[in-house]
Each structure stands twice: as structure tokens, then as C-alpha cells.
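Here's the structure we're looking at; comments come further down.
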Amino acid sequence: MHLCWITSANMILNMMWTFILLFLLGPNVWQANGEDNSTQMYYVKLIIEESAIANITETLSETFVSNTHLKVDNLQTTTTCQSVPDGAECSCTPGFRWSETVCQENTCTFPGNNTHTCVSNTTVSINGSLFLNGGGHHNCLKLKDSNKFQECNNKLLKQMRTVYSTLPGFNTLTIIKYRVGSVIADFELNFVQSINQQDLIKRSENLSSSLSASLSLETTGVVQLSLLSQSPVCNEKHTLKCTLRETLNAPPVWQLRSNNRVIEIYNGTEAIVVTEPQETRVTLTVLSKLWEGEYSCTYHQQFDSINISHKASFVLDLALLPDILITTEPAFPRCKQSSDLQLVRVRCETGNSSEQYVVSWTHEDVFHGASEQTEYGFAVEAIVSCTKPLKTPRMTCTFRNRCNKTRAASTDVNVIYGNYSFCAADGDWGETKAGFTAVLKCTEAAGQRRRDCKLSATQGTWGPEVSACVNRDLDLVLQTANMVDNGLGLMDENAAGVFSQLESVTNDLQSINTFPNMNASVQVFMSLSHKLNYINNETTANDFLDSSSNLLEKSLPESWTTTADEDSVSLAERYLSSVEHLIYLTNVTNVPKKKNIEVATSICTQKSHCNNTVFNVTVTVDSPDPGSVKTAGFKELENYLPSKDETFKPNSIVVSTTTESKQRAAVEVRIHFPLLKPRPRNVQMKCVAWDNSSQDWSGDGCEWQGSSDEGLCICKHLSSFAILMSRYPVHIIGLTEVTYVGLSVSVISLVISLTIELMVWSAVVKTNTLYLRHTAHINVSLCLLVADLCFLASSSPSHVSEMWCRIFAVLKHFCYLSMFFWMWCLSNMLLHQTIFPMHSASKKTYLRLSLFLGYMCPLLIVVITFLFYKAGAEGEYFSRETCWLLYSGLMAGSIHTFVVPVGIIICVNVFSMMVVIMKLLDHRKNTESSNKKDAKVAITVMRSVILLTPIFGVTWIFGFAVMLLDLTSGAIALLVNYVFTLLNAFQVQYDPQVDVPLSVRLSNLSSLCF
């Protein structure tokens, strides 16, 4: 038998003491069988003399117990009292403490009839739930005053007491209530001394086995939580410690209950958790309002049908110093006369703080009244003199907490004296002293608005407003992101919550349509990218990519730029680096494609080619051991990344590629981009990668594969890639000058040629053949002259209006076609005379046919082409950059309505020449003398065709090559352009038959002059 007794004395006489005794007696009526002893508590009130206290233990043991089966031992005094006028003043003996009920009364003086007693420091309380399978316990769910309930309750209570009363120190067991599920009995169990945990587990297993039930227990007193400093806590660093009397072989769990939330505590930037076999400590390295609340440390033990939680808790009271925002109203009081006095209200705001502070005010050249407490802090009315003092008036508020620690905030009272320059009130911006910045709190948002008042010669001038207003929900997300690793909660779970909140906020584009909101969103990514080690949760990855995609919506271009002084690193750069790193940390492979972001992952074996496709961009990585290869495509981001080279602009989305392997082995990355806009002819492309060191696109290590595969890039490193397209076509050095000179010479030569033709016309057109030949020469020269003049007029397309550019394109199209059709007429005439020498068509018939072929056929081609290509629309019929027909690819573009007819004519001319040559060679010996003159003429015509065809034909063969070869192809394209320009500009024909008539004509003119 065990006996524990507690005495609580009330002084009745000066020499008499009253004791309340607690006896633990057994065996008792609840033990049905077994060898374990049972314990029952008895409380006895005993009045004794003071001189008998020394022998009280031996006397009570002999007097109180008369049953030989009962034994009383371990008798201890718990409470001692002394007489006072109001009753008795009591205190606990070593090893004992007041109960929570007494502590809440906050007094140790009790009336004479009190029964308050101290409890042992080793007292253990257990709150438990017994989960019964139903069966014979359904009656416990009936009304409490029913017989069936009483019977069921008493039976269960007896069974439980029979088991737990065998534990030393057993005091009470009470069933509080029954719940459904199927039958759950909630109970309280108290022990006046510590209990062995193995004994508790054994008894609980016995109860669970006998009732076919499961148990959930939570103990208080097994774990002791203590502070290593006094409360309230004033230090910047604080430690809480939990100790055990025996090893539980279970890890501790630290938790903080605050604002109706329970959060686990882990190692972090503001908390350090240390665990030893019988002790665990939490050291708070940074104390803030976040760490205020009820702390608990819990050891969880899990068995087959028993779950035991050993818990200790403590409410931590922090005496914090506030964050002070000091302002004046008005911000810039204005004095009109030096004799005036200005009333200024000075506010020191601390937010919603429950801490009680003592606030004092100090001043320099300011008079102030009594301080008053406001909703968010304190305020005072101050009076400022309009006579300018030597120093700027200044107000300071000082907050003192319960630990006698202080924090102060000061502000200058910037008075606008006399005729000093200032900015007049403008809307909600009040009068502001020149050279200062006005500051306003954001309305319905976090942050401030600023506006400079610039000093000018006569008055202040307002600058543009700079807003740093951030959506409140987004600001809360940012604050949470900055604290994910402080130790309150598991970092990965905290990050998951941040991504979920950010996804929800950014879904509303109106909440992020300003630069401050976009900047705050990117700061969330930056913060998490620096803190997280991995992202393994699919939902977290999905929320992260959703929010990242939301920021790239097409409707938000203005949110990426600001007129204020920007950071050295642009917002787009910070977005790219942080999101790229978070994607690298993501270990989820099956993430759905987002609207503006797509991520593809491949697991590659050694020496294999890894292929990923995002937004139709194909990326192939060739590396000795790449491991996991991740490729991400970003829409719209190319528009926001800064570029120092203004001559190039992005023409693809940004694609980022990373590999799991950290080795620096050689790598080849082939990226095939679909271009955002078709590349115009002769426009240079550049494959680039983002260089963080230069903060610009860099072409180092990347090579464009040319116009034959204009979307292909090959790079020798990993990075974020894109294709840049030049804003201007490739410039050929000297080609423009050669063209101007050549065309000018050609125009002058053509004018001279036409003049000569007119001068010697009657002398050279002595036969029908010569007449038709020279008629064709005149029309060819005339068409070429008009075309060259149009070419010169449109040589600078940027200085020509679109209408005139279209007109010049039509005229050049018609004149060049007409020139070749007149050559065809000349060729047809020669071929007809060669094949049908005895048949001679009239000059009139030849002329009509030639005029139809020379002008009507080209006109029909030009008109049909003009109408077909949307009435000569720019970009369809002609190019605004060249004022010439458009080439869009092989057999595509209006240029082919010129190329195809010209090519056919050149082929026909070559065929005609071959036939004529063969006929002349075959009939040369049989030619009669009477026909010698006609034969001579025929030979002359043939010579003209032979000369004209190479001159015009070969020149335009080079023109076809110019059309087919892109200037980005290299040296061969440049050479062809030079050759074509020279031949086209300096083409010439010499006709010896004109020499004699021209000489005669010039001689006649000379004789007339002299």
C-alpha cells in the first residue's frame, strides 16, 4: 500500500494548525483481480498544535490506518500557512506548486474555510478518448438520467478504474461525455505524482484488449516546458526548453498557436530546434509579433491500438518595440508672414499593437501640447513659429515598453517660409516645399506615392508621380514569401501556400496591371528561388507555373516598365533568372502546358540526343551525360528583356534549357525556332543567348544556320536563347553609289541614243526590215529610259510616299516587260524572214503586231497582276522597302509575273538565234547575187539580236540570281549583286551602220554653223 498526503492549514488558535490530508489507500473496490495494487485518494482535515508538526508523519501513519491490508507511506507536507488578519497566507513546500485554479485568482491569501492545496510538480493529467466498437456500449449514448445509461456508464467506469488505479499516484478518473463514432468516451485521468510510461502503455494496452477498443491519450506533466528567462521576454534572443523524466524514444514536435492557427516550428532563419534524448530546445533568434502565442512541445507514441501524445505548453509574453511611422499634417506648413504661428499635428503610428507603451515627446524649436492616443498610435498638436530658426524644427516620439526599453522616431517640420518657392496644391497633393518630395499613403493599397517638387527660378515645379502602391493581397503574399524559411512551418508547405495565393491573386489581371504590382510578383519568385531547394509537389508546381504565366499576359506590357529610376537589373531579367531557377528545382515531369509558359522534361541516357518541344520550338541537346534536360518556353518575355543593340529586334520566343548534370563537358544545343514574323529578304538574323554578366543578348557560342534554314540555331552552351532579326536589310558597301552612277550614265546614253536615231532615221531605214529593227530599238530604249528614271526616282524608298512607291513599281514592271517584249518582236521578225524568205509581210502589219506585243501584252500582265494582288497592296504587290515587285519564295510573290515572261522571252530569243544561224550557214553558198543586199540586212539583224540578247538576257539572268540568292548567304550573293548592278547600269550597243549617216548629218550641221 502507498500513502500520499497533503496538508493545508488554517490557523484557528495561535498554537493550532489545520491540515488537509490526502491518503492513498488500497486495495480498493475497483480491483477485480490480479496482483497489482490499487490506489484510492482520501482528503482529511486535521487540526494540530504547532509543536506536533515535527512528529506528524509517524503519528498519522500509526493513527489513521487500522486495516492491516492497507499501508500508508511517502507522507509529505505540501502547503504551509500562517495566520493573517484576512485569513491565512499559504505557500507551497518545495516540490509542489499551486494549481491553475489558484494561480488564476492571483492571490495566496485565503479565508479560514478554504480547501486550496498545492499540487505536486510531478502531477500528471491525461485527457483521453476511448473508441469502442459499439456492441454492449450503445446504451452509453442514451439520456444521462436513464437507467440504461447509468448502468452502461458505471460498468465502463469500473472497468477503466480497475485498470488505471493500479498505477501509483492514481487520483481520479472521470468520463466527461460520450460521442458517436461508433461510441467514443472522452475522459480525464489524474495522478498526483509522476508515472512510468511503460506502465501507462501496459495498462492502456490491457484496457484496449479487454474492451476491443482503441485509445488516444494526451498527457500533461510528463513533459516539462520552461523558459530560460523571465516573462515578459525582452531580449532579442530567447530559448524555450522541454525536459523529460525518462526517454520516450519519440521525436518532439514544437508548435505555436497564434491567431487561431497551429503552426509547427522547424529550424529556420529565426528559430533553431535542438533535440537530445531527454531534452529539446527552441531558440528564437529574432523576436517579432509572429512568435507571440502559446508554445507546445509534444512527443507522439504510436502503437497498434494506442496513440499517446505527451504535451507541455506555455504562453510566451513578448514585450516588443514598435515599428514607428512618424508624419506631420500638413507635411509642409506654409507661413505667409513671419509673425504667424502654424499648427501642425504630428502622428506616430505603430499599427495594431496590443502592447502598452509609455510615449514621450521631445522637440527642437517646436511647442507641443498633450499627447493623445489614436486608433493606430499617438498624436500631438504642435505649434511652429514662422520666424525662421537657426535649425530646422524637429519632433521626436519615444516609445517605452514594459521592459523599460525604448525606440524613437524623428521628423523635421519643413516650413515654407515667406517667399520661398513651393509647388501649389494639385489634387490630393498638398503644398510642397521646392526641393523636397511629397509622400502620400496609398489608398486601399500598401506602399506610398511620391512626387518631387523641383526647385526653379521663381516657383516650384511638380515632377511626375511615382507610385509604389501594391495590392494588399499581393503585398501579404510577398511578406509571406519572405518568411517561408523563418522556422514557422515547413518551408516547402509554406512555399506551396505562397504559390497558391499568388496564383489566385494574379488570376485577376486588374490587380497586377501596374509596375509596382508586377515588381512585387517578381520579388515573390526571387525570394522563393533563393530559399527553396526543390519543388516535388505537383500542385505546387502547377500553381507556380500558372502565376508565372499570368504575368506574361499580352494585356500587361506597361506593367513591365517604369518611368522611375530603375534597378541595375531589369524586371524582365529578374523574372527570367528566378523562374528559370525555380523550374530547375521542380522535380515534376507532367506539368500541364500553360498559356504563356510551357515546360518539357526529358530523361536522357549517356551520349544520347535529348529532344524537347515547347510552343513548337524544338530543342535538341547533345551532351556526354545530360541526365534530366528541362526546356521552358516564355511567350511575350522577348519584348521586355533589354537590348543594347537597337538595330536588332527579337523574332522568337525566349527558350531556356538546363540540364541536371553540373559537369562542364562540351554540349551542343540545336534550337529550331518558328519565327514570330516572316523574315524579309536580305535581312540578317542573329542567334543569341542571355548573358547575365553583360545584362544583354550575346551571340558568343551561337551560330545562325542561314537563310536556307532560317529558324535554326546551334549553340555550344546552355542558357536562355532567342533569335534576333535586323531591323534593316543587309547593306552592300558601294552598291548604291554604283547604281546611281550607272543609272545616270545609262539615262544619258539612252537619251543620246534616241537623239541619234532621230537624226539618222531617214538615212538608215531604207528597207522594211531596217525600219522594223530601228523601231524596235527606239521602243526598247524608250522603255529602258522610263524604267531607269523610275528606278532613280525610287532609289530612296523611305523618302517616297506609299502612293508614289506603288506608281513607280507599276511603271518599272510595265517598262521592263515591254522592253523584253519588243526584243521578242525583233526576234520573231528575224525568225519569220529566215524560215519564210519568199513571204514578205507588209511594214504596216509588222508594226501593228509589234505594237500589240510590245505594249498590250505587258499591259495585260501588269493590270491582271495589279488586280490579283489586292489592287497593288503594299506587302502583296510591291515592297515598301524597294518600290519593286515582291519576292515571297519559290514561285511565290508578284516578282514571278515579271520573271516568268522574261525567262520565256530569253529562251525564245536564244532558240530564234540558233535557227537563224543554222539557216544562214546552210544557205550561204546558194544565195543569189540579187539577194545579196537582203542577206546583208538579215546578217545585220541577226547581229543585233545576238548582241541584244546577251546584253539584256545575261544581265537579267544575274538578276534572277539576285532574286534567288539572299544577301545573308555570304560572298557569292554580294558578288552576284555587284555584277548585276554593273551590267545593268553600263549596258551598251554599237551599230556601225549609223556611223556614216551620223557623220554626214554632223557635217551638214557644221557647214550650216560656219
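Positions of Cβ are set from backbone N, Cα and C atoms, glycine also.
Keep in mind that TrEMBL annotations are predicted by a computer and have not been checked by a curator.
So that you can see what the record holds, here are the features copied from TrEMBL:
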- 587-731: domain 'GAIN-B' (DOMAIN)
- 735-984: domain 'G-protein coupled receptors family 2 profile 2' (DOMAIN)
- 745-995: domain 'G-protein coupled receptors family 1 profile' (DOMAIN)
- 1-34: signal peptide (SIGNAL)
- 740-764: transmembrane segment (TRANSMEM)
- 776-795: transmembrane segment (TRANSMEM)
- 807-826: transmembrane segment (TRANSMEM)
- 846-869: transmembrane segment (TRANSMEM)
- 889-917: transmembrane segment (TRANSMEM)
- 937-961: transmembrane segment (TRANSMEM)
- 967-986: transmembrane segment (TRANSMEM)
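Through the fold, the transmembrane segment (807-826) approaches residues 772-773, 776, 779-780, 783-784, 786-787, 790-791, 793-794, 800, 849-850, 853-855, 857-859, 861-862, 865-866, 872, 877-878, 883-885, 897-898, 901-902, 905-906, 908-909, 941, 944-945, 948-949, 952 of its own chain, all at least 6 residues removed from its boundaries and within a Cβ separation under 8 Å. Through the fold, the transmembrane segment (776-795) approaches residues 736, 739-740, 743-744, 746-747, 750-751, 753-754, 757, 804-805, 808-809, 811-812, 815-816, 818-819, 822-823, 825-826, 829, 850, 854, 883-884, 944, 948 of its own chain, all at least 6 residues removed from its boundaries and within a Cβ separation under 8 Å. Nonlocal intrachain contacts for the transmembrane segment (846-869), taken as residues 6+ away from its ends with a CB within less than 8 angstroms of a stretch CB, comprise 768, 772, 775-776, 779, 810, 813-814, 817-818, 821-822, 824-825, 828-829, 876-877, 894, 897, 901. The average pLDDT computed over the domain 'G-protein coupled receptors family 1 profile' (745-995) stands at 75.
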